[in-house]
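What follows is a short report on a single structure.
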Amino acid sequence: MASLFTKPKKKIVFLASGRGSNLRAVLENLKKGKIAGTGISLITDNPACKALEIAKEFHLPSQVLDFKSFEDKSAYHKALLDRLLELQPELIVTVGYMKILKPEIIRAFPNSIINIHPSLLPAFPGLGAQKQAFEYGVKIAGCTAHFVDEGVDSGPVILQGVVKIKEGMSERDLTLEILKEEHKILPLAVQYFCEGKLKIQNRKVSIQ
Ligand code: GRF
């Protein structure tokens, strides 16, 4: 029970489409009590995704909105919005969610959606960010936890993790090193959000 000294936990919904390693990273931190939040649901568009198994392992309720079963894109996005409005999360975390959220969803949950992206934004937005960075030949790569706005990977930056590209590193090595950083910064960003520490002013995020 929340006492006078403990803040109520923030309700978190996760959106995922794939492997779910970032979902696991956040759920582990929730389980350890490092984050003042409660996972209330995983919603996925992909019934075959590994993230569903991870949710089960952590006793996180899950719901499948199978993208292929909808008549068209807009029917899917409407169903997703309806589901989110029913759940009323205080925070939505997109963890390897492969759809672009519609403006209606972003407007319904302003500054309350966090995404993890595998590049040092604003460099290399969109798909295949690690490959883009590797092929460009940058010497420093990394990942970004950011708020989601109506653009693609363009919202206010919360935290970034840096990976130095060493001589002889392959694209796969780089992807794995970036993923390790993702698993550090995403739970931390969620933790700060749940503690009410993130303030956005002129699209700059300060951690108070
Ligand atoms: C991660 O690299 C994340 O940055 C990107 O998609 C990948 C998802 O991996 N958005 P996982 O499903 O969390 O393992």
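Each residue, glycine too, has its Cβ placed from N, Cα and C.
From a predicted model like this one, the values you see are computed outputs, not experimental measurements.
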Which single residue out of Lys68, Lys73, Lys78, Lys139 does TrEMBL record at the (6R)-10-formyltetrahydrofolate site shared with Met98, Lys99, Ile100, Leu101, Asn115? Lys73
Given the N(1)-(5-phospho-beta-D-ribosyl)glycinamide site residues Gly20, Ser21, Asn22, which other residues of that chain have a Cβ within 8 Å of the mean position of their Cβ atoms, reported in sequence order? Ala16, Gly18, Arg19, Leu23, Arg24, Ala25, Ala51, Ile54, Val95, Gly96, His183
For Asn115 ((6R)-10-formyltetrahydrofolate binding site), which residues in the same chain are close in space, meaning a Cβ under 8 Å from its Cβ, but six or more apart along the sequence? Val93, Thr94, Tyr97, Ala145, His146, Phe147, Val148, Asp153, Gly155
Cα-Cα distance linking His117 (active site, proton donor) and Ile100 ((6R)-10-formyltetrahydrofolate binding site), given in Å to the nearest integer: 13
